[in-house]
Amino acid sequence: MLECGAADFGLQLSFDQVEKLALYAKELKKWNRKINLTAIKSDEDIVIKHFVDSLVLAKFVKADAMLVDIGSGAGFPCIPLKIIMPALRVTSVDAVEKKIIFQRNVARLIGLAGFEAVHGRAEQLQPDNKADAVVSRAFSDILTFAGMAKGLMKPEGMIIAMKGKEGREEAEHAKGKLEQMGLTVSAVEEFRLPSIGDARSLVFIRSKTG
Ligand code: SAM
């Protein structure tokens with residue numbers, strides 16, 4: 001299911017990547033029995049709603065990008081992405097410590113180098129290096145997210161808000177305020193998740209001067 005789902009978006013997964021994602025799913029289910037990491041619990045939902053949904057970003061982020069994931073929860077989208085794009089340099093931020101401890105455990109088990117999980121609020125993040133891409137999924141409204149992400153990205157970097165079907169309409173409403181912040185919506189990509197057909201959208205935001 002995972003390989004077919006990824007192939008729908010032109011992504012060929014290696015045996016090693018599938019093994020790592022399977023290990024991640026196993027850990028997620030194990031930890032979820034004790035602590036509440038995610039409401040998505042069945043194998044099919046983990047594969048489609050968490051893994052494939054996260055992997056779609058691989059089409060839009062360059063292989064060795066510096067990526068910040070804000071409000072990453074149990075590691076989405078950053079961990080699946082890092083598994084299939086090993087040269088990515090990832091900073092994953094979440095305000096809930098147990099989620100970050102879980103992510104560090106997964107990173108150690110899988111052997112993810114260049115992956116840092118940071119416990120704290122994104123507003124307080126002061127990275128040494130600016131990001132090529134700042135992403136979030138199911139995190140906040142576009143304006144709040146863009147306000148946090150702006151200071152974390154390179155002038156030519158991009159902000160990617162992973163949304164449901166409401167993405168285009170929300171982006172349209174946010175446009176004016178984004179412009180006042182020196183930002184602009186550069187694209188909205190819409191797609192459906194394989195097998196279940198749920199609508200998703202990616203809202204791309206860039207600096208007006210970048
Ligand atoms: N991105 C993950 C996903 O798609 O499964 C998790 C989404 S969850 C709905 C939102 C996450 O944002 C939570 O894990 C929460 O702890 C985190 N969060 C909320 N406000 C935050 C903040 N200001 N800084 C960092 N993390 C925050």
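Heads up, the Cβ atoms here are built off N, Cα and C, so glycines get one too.
The structure displayed is predicted, hence computed values, not measured ones.
Sequence-distant neighbours of Gly71 (S-adenosyl-L-methionine binding site): residues of the same chain at least 6 apart with a C-beta under 8 Å from its C-beta are Val93, Asp94, Ala95, Ala122, Ser136, Arg137, Ala138, Phe139, Ser140. Residues annotated as S-adenosyl-L-methionine binding site in TrEMBL: Gly71, Phe76, Ala122, Glu123, Arg137.
Counting only same-chain residues at least 6 apart in sequence, those with a Cβ under 8 Å from the Cβ of Glu123 (S-adenosyl-L-methionine binding site) are Met148. Residue environment of Arg137 (S-adenosyl-L-methionine binding site) contains 22 other Cβ atoms, counted within 10 Å of its Cβ in all protein chains. According to DSSP, Phe76 (S-adenosyl-L-methionine binding site) sits in a coil region rather than a helix or strand. Across Gly71, Phe76, Ala122, Glu123, Arg137, which the record gives as binding S-adenosyl-L-methionine, the greatest C-alpha separation is 19 Å.
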